[in-house]
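J.: Once you've had a glance at the structure underneath, I'll fire off some questions.
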Amino acid sequence: MLIPSKLSRPVRLDHTVVRERLLAKLSGANNFRLALITSPAGYGKTTLISQWAAGKNDIGWYSLDEGDNQQERFASYLIAAVQQATNGHCAICETMAQKRQYASLTSLFAQLFIELAEWHSPLYLVIDDYHLITNPVIHESMRFFIRHQPENLTLVVLSRNLPQLGIANLRVRDQLLEIGSQQLAFTHQEAKQFFDCRLSSPIEAAESSWICDDVSGWATALQLIALSARQNTHSAHKSARRLAGINASHLSDYLVDEVLDNVDLATRHFLLKSAILRSMNDALITRVTGEENGQMRLEEIERQGLFLQRMDDTGEWFCYHPLFGNFLRQRCQWELAAELPEIHRAAAESWMAQGFPSEAIHHALAAGDALMLRDILLNHAWSLFNHSELSLLEESLKALPWDSLLENPQLVLLQAWLMQSQHRYGEVNTLLARAEHEIKDIREGTMHAEFNALRAQVAINDGNPDEAERLAKLALEELPPGWFYSRIVATSVLGEVLHCKGELTRSLALMQQTEQMARQHDVWHYALWSLIQQSEILFAQGFLQTAWETQEKTFQLINEQHLEQLPMHEFLVRIRAQLLWAWARLDEAEASARSGIEVLSSYQPQQQLQCLAMLIQCSLARGDLDNARSQLNRLENLLGNGKYHSDWISNANKVRVIYWQMTGDKAAAANWLRHTAKPEFANNHFLQGQWRNIARAQILLGEFEPAEIVLEELNENARSLRLMSDLNRNLLLLNQLYWQAGRKSDAQRVLLDALKLANRTGFISHFVIEGEAMAQQLRQLIQLNTLPELEQHRAQRILREINQHHRHKFAHFDENFVERLLNHPEVPELIHTSPLTQREWQVLGLIYSGYSNEQIAGELEVAATTIKTHIRNLYQKLGVAHRQAAVQHAQKLLKMMGYGV
């Protein structure tokens, strides 16, 4: 729940001097990306901007305090301020901020700018007291904000110091409007206006000018002088002499003498007690100070000029001027030290009564009241956890003694979930084991079941499915029906365990059950996870169309609940990319993989490994080996700098081995084969994939017998577990083994099986990557004209894709390739003495790829007669007499350059 006063622009007070010269400068603020108002405390920054903002509608105001260094809190308030300015235009961002469904502040801001693209009016966002921000992540995010904000948005920042927002760059590009302390300082005329409003009897212009000069136009000093002159008999001149040369850091003595010592004791105590509140209203004041009419007392303090200011138009919320508020809080610690814990307790109770547990926790911590803090957490901690107030919860739990946690195991569970959310798996088990050791009877009943549900989640995350299964079953046996969250967790874990064991039908049923429960109780991240798992299971079963439809349902959930920036969104777009790749929709597959990388842009690069492998698969299917090699360099660097799940390693190895196959790199394959993991089982698609990688490497090395043993065992497991997509892949690899071993009839038999199974899976690209050997077999089958209609149609489609694949695979004669070729030490002398034109190199590449003259003419969009001329010229330059000789010559050049052809 957001505190309204933090989003309210300060009310323009009576008796303030209208800063016409500065307002004139600010009138052009809409021409700048950033308006920066900087000065020490008390120069009137907030008052000036509140004057400028008066009458503007498209403006959001965000007043910071120390607690806004928490990223989630900063995001919530900033988006709320934008919503205030746009009348709720950015609904998606608002939901994402409220539910903490974003990967980082920068990704949230990126979504904000997408929504603001449809907002065409001038828009202003004011952030007051930015000097309170010390979190470097927020600074970096705000630099991103300024770089990418829409042209019609102006950010207005008020700060006591120069903020870390890339100011120099903005200044150079003339995108910065600056107002500093010298401009904020009162002029003689403004000082005279000020005193005329504040003093019962006017002072001479010369005297007000002298006072103004003596305090360098510092507004707070002028206000103190006027207050002192009203409260005492001595002149403003005398007060000015005392203030001359004093700055904000040396005001304490003056404020004691001239303010606190000149009010009655009741007012003094009111000021000191109320100052502990960062913002205050009638109910808070009544509870904290004991005054019966808090609103009336606040208005009275305001009339006395005691540095109290209204925070909203309703007059409900107030706060002290920051300078005066800090002074009062320090004095409160000295003068009311014995009462201070009780004052903070009263503040916490009042904030709780108004529904602001975060503020209540702030005061409970300040009071050092562990019992109060415990009670607040017992009632509100899980709500705060679900809203990602993780830093606040961690600080709160650390403040509680261990005995208090033991007396309230729910808080131990909360602390463990905090650790789990931060991937501190070892600490989770240590904490729960310690708690179980010290809490009587914890090993039985509901709490133990909740512990086990969490332990099960930790175990599956840590790659221990057997332990996860045991714990999840125990949890489900002991959990009452109403304990929905832990039941969702345990059911999801059990479904994932069965998935790992290859028991796909049972796993699918449990994931569907998880989805149903998660939707019922609005646990959206588990609903999303269960749908992704369902899609992956259906893919493994060979039901790719149903997997597609499940993915469509998942995308709908993401859009409805604004889950776009959860890391799980990357998982979804990645498995969508895998499906599109299987169907040879390569452009769409690549776009999906790139969108997955974008989702993970604010995470460690290692997290992008899977999507990068998918991009390499797309390059391989297109035959773009140069691009694949470039991407593989990055993938291998990531592999060497991270710890990954076996599924991730299997997918990374897959593209490496296929690349080695396409380039004939037997040395790399042999080296990998010596060191790679050889799983004990092959009962899921992760392990099947790794064993298939091993078999592919063995085939490349001519080790046909061990490869056949591997593939036959994989097929046996795949058939028994109904891993139909894996069976389809295995058959294709077995086909390649038989073909290369000269067992043509066996090769044809398994190819026919693979084509038949592809009617169910829809596979295309899995055939295509096997290249020319596959093309030869398909041509033979098509010529025999014995294939059933569906298989015939698929074979023709695959053949078309292979032709395109080989064109790209071998048409390397672009400018970069030719330049490298000409610089190669072994290049034939004839190439130097009779150089080919770039067009002739292109024609040679297409001849090698098997294109007829008519196809080459169509590809290059020239007349057939022109192509004949090019061919005649390149034959003459290469010293060849016919097409086959040209093909052999091109093949020699490619082999010389390291391409396995």
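Glycine is no exception: its Cβ is also placed from the backbone N, Cα and C atoms.
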J.: Which residue range, 173-192, 553-572, 853-872, is the one Swiss-Prot calls DNA-binding region?
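T.: My reading of Swiss-Prot: the DNA-binding region range is 853-872.
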J.: Any same-chain residues 6+ apart from THR46 (ATP binding site) with CB under 8 Å of its CB? Would you list them in sequence order, or say none?
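T.: In sequence order, the residues whose Cβ lies under 8 Å from that of THR46 (ATP binding site) (at least 6 apart) are PRO10, ASP128, LEU158, GLN309.
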J.: Show, in sequence order, which residues other than SER39, PRO40, ALA41, GLY42, TYR43, GLY44, LYS45, THR46 on the same chain lie with their Cβ within 8 Å of the centre of the Cβ atoms of the ATP site.
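T.: Checked against the 8 Å cutoff, the neighbours are ARG160, SER181, LEU184, ALA219, THR220.
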J.: Sort out the sequence-distant neighbours of GLY44 (ATP binding site) for me: same chain, 6+ apart, CB within less than 8 Å of its CB, listed by position.
T.: ARG19, LEU184, ALA219
J.: Take every residue in the DNA-binding region (853-872), average their pLDDT values, and give the whole-number result.
T.: 86
J.: State the three-class DSSP label for LYS45 (ATP binding site), counting H, G and I as helix, E and B as strand, and everything else as coil.
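T.: Going by the DSSP assignment, LYS45 (ATP binding site) falls within a helical segment, counted as helix.
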J.: Considering the binding-site residues PRO40, GLY42, which residue's Cβ sits among the greatest number of other Cβ atoms within 10 Å?
T.: GLY42
